[in-house]
Amino acid sequence: MTSVNLSRAPAAITRRRLQLQPEFHAECSWLKSSSKHAPLTLSCQIRPKQLSQIAELRVTSLDASQASEKDISLVQTPHKVEVNEKIEESIEYVQNLLMTSGDGRISVSPYDTAVIALIKDLKGRDAPQFPSCLEWIAHHQLADGSWGDEFFCIYDRILNTLACVVALKSWNLHSDIIEKGVTYIKENVHKLKGANVEHRTAGFELVVPTFMQMATDLGIQDLPYDHPLIKEIADTKQQRLKEIPKDLVYQMPTNLLYSLEGLGDLEWERLLKLQSGNGSFLTSPSSTAAVLMHTKDEKCLKYIENALKNCDGGAPHTYPVDIFSRLWAIDRLQRLGISRFFQHEIKYFLDHIESVWEETGVFSGRYTKFSDIDDTSMGVRLLKMHGYDVDPNVLKHFKQQDGKFSCYIGQSVESASPMYNLYRAAQLRFPGEEVLEEATKFAFNFLQEMLVKDRLQERWVISDHLFDEIKLGLKMPWYATLPRVEAAYYLDHYAGSGDVWIGKSFYRMPEISNDTYKELAILDFNRCQTQHQLEWIHMQEWYDRCSLSEFGISKRELLRSYFLAAATIFEPERTQERLLWAKTRILSKMITSFVNISGTTLSLDYNFNGLDEIISSANEDQGLAGTLLATFHQLLDGFDIYTLHQLKHVWSQWFMKVQQGEGSGGEDAVLLANTLNICAGLNEDVLSNNEYTALSTLTNKICNRLAQIQDNKILQVVDGSIKDKELEQDMQALVKLVLQENGGAVDRNIRHTFLSVSKTFYYDAYHDDETTDLHIFKVLFRPVV
């Protein structure tokens, strides 16, 4: 097997594979030739197909040394056309999925379907009110005699099977199906011993004894009524009921409303005052069915009819899920790096969330009189991120007297995923939002304690990668996270349709866990990466052509600069912006190095008419000065007169400060932001706008401090972020200026440029070289499969 140096791949490359060891071992020879830094190491394999695509692009295009930046972005090949077509098909599918979301898609719950099947005709006939539920049960028994999700969990299978057997027996239907179900329970009940308690379905210990009693009353034979484990479950139920104040269920909406069918004798009419606006009790079809059976309430009936409409005759475990499905869909699309394709749909979703938002937060479905920290945290974060006005003090509703945060009132054991979403929400903090500071400390410590024990406690979702996801999230705070780095990792963590959610039964959420999302994200990631690799070839040749090494610029530094640009603005069509970002960063360092180290003085007049007039105090530097001037000319080449005028102005301002010895990391950051904004079409008047000036000033201060932290190696991290009170306050102020809509003259995208640039400086200060090397290869060189 032949080793291939991708960074210097010839135009006619053959299908060969980079031979790489498991982690950090093979060296990139082009980078290794740098005299200033250690070689960059690889940690992944690059497929032959990926190499051939780069070669195909390169052969099809003009030679990279002669091609303009625009030429690079316009290259088309048969493979690229095919990928683009697949991407467009996937986008169309997802758009349709999102825009037809309605009350949210969710799989059928055999348990809830069985409870509804028990309802007798409300007009008094000896018939079921909902015969479709019985039909669904009859047609969905698994081969082993059980009912439940394909992901095996004995809690899910036992409860679903017991309920379905009782439902069929109550109408004396399908004795053969009943017999198979009874046999399954009898032969598998022992598996409850030692089963993972974290996978126990919600309310399991409350409803299993209830259905065992119903089975006894119906005369169902051979069920393991006297099995020690069944008796143990019954004892647990009695103990729980003793701990619940007798009248609590009638006083206020609590999680008890979720399992009313398992609570025994209740004053059912008293419960109606706690009914949600849609007629449900905590969005639970089975709990609502129990109330309907005892009250014949019309609103309960209407709710159940609605819940059955889109489930093929069965019922979901919760309905509606409009809030849950919308928030998590947006989150998944963003983290997978494909949200840009669905901006209209995302706004449509968030408008809906804003319209149903309550002062006490939200739950999985609208109008429930109940809220949880999971949905509320996700809502706070996404609404803030997209410029909606939302008060984070809503999270105080979940703060207990001892300072701890709880998923909801009455929660006995906290799970990892809600606290992780609280932590993520708390990182988008504006000045003065004390509740988010408290939430950050609590959630970080809560999750860190779980990680130290090497075991997460999770009751709501079964995900193979949740541990790794949370571990990474605590190591990589939002300020130090770049979009493409996040996508590269989340593609490893996201299971698509493989995620299983835990309610009264196991369930799936197509708008959240969807294989098409992942397929689209992989296609898009690899398409972007292929484009980035072509641009990286261009950057290497630019490095050699402009003799950047003579200015102290290492090849490693070049790669790092390009990586920061590509990991932030990654879209294939934004080649010019990426290259401008990377080259601006490099050129500013070249000029600073030339002026400060060699002692040379450069003189440029305001209008740049005298750009070619370079006066050198050292004759031997004339060659370098000429190279520097030519490189600067190349950077500005190709822009229209209006854009060129603005670029020269901001560069002139920056240059004067460098010559006066006032250059800094902050000034470099503002130069970069100004250059990117101008090339994006910024109106010259905006440069002097008060809001724009405030953004520039904050960015300067923040990035100057971050550069000092990086240069002086004084990094201290507390609760997942850099320990520097003033820096934290300034970052919060910048985030507020960027995210909060105030009707000002500065466009949101322009504001975001300052935050994006600042985050790259934060990234540089926060992550060590080894971590950055890994990120570089995940983003630029490791194809996703």
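Glycine is no exception: its Cβ is also placed from the backbone N, Cα and C atoms.
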(request) Give the range, chosen from 312-315, 372-375, 524-527, 544-547, that Swiss-Prot lists as motif 'DXDD motif'. (result) 372-375
(request) Go through the chain and flag residues at least 6 beyond the ends of the motif 'DXDD motif' (372-375) whose CB is under 8 A from any CB in it; none is fine as an answer. (result) 323-324, 327, 361-364, 395, 398, 405-408, 417-419, 421-422, 460
(message) Treating G and I as helix alongside H, and B as strand alongside E, what does DSSP give for the motif 'DXDD motif' (372-375) in helix, strand and coil?
(response) 3 helix, 0 strand, 1 coil
(message) To see if you understand the setup: which same-chain residues, six or more apart in sequence, place their Cβ under 8 Å from that of R240 (substrate binding site)?
(response) E205, L206
(message) Return only the integer: C-alpha distance in Å from R459 (substrate binding site) to D374 (Mg(2+) binding site).
(response) 12
(request) Would you count the other C-beta atoms found within 10 angstroms of the C-beta of D374 (Mg(2+) binding site) for me? (result) 26
(request) Quick one: average pLDDT across the motif 'DXDD motif' (372-375), no decimals. (result) 96
(request) Taking the Cβ of D372 (Mg(2+) binding site) as the reference point, list residues of the same chain whose Cβ is under 8 angstroms away and which are at least six residues distant in sequence. (result) G361, F363, S364, F398, C407, Y408, P418
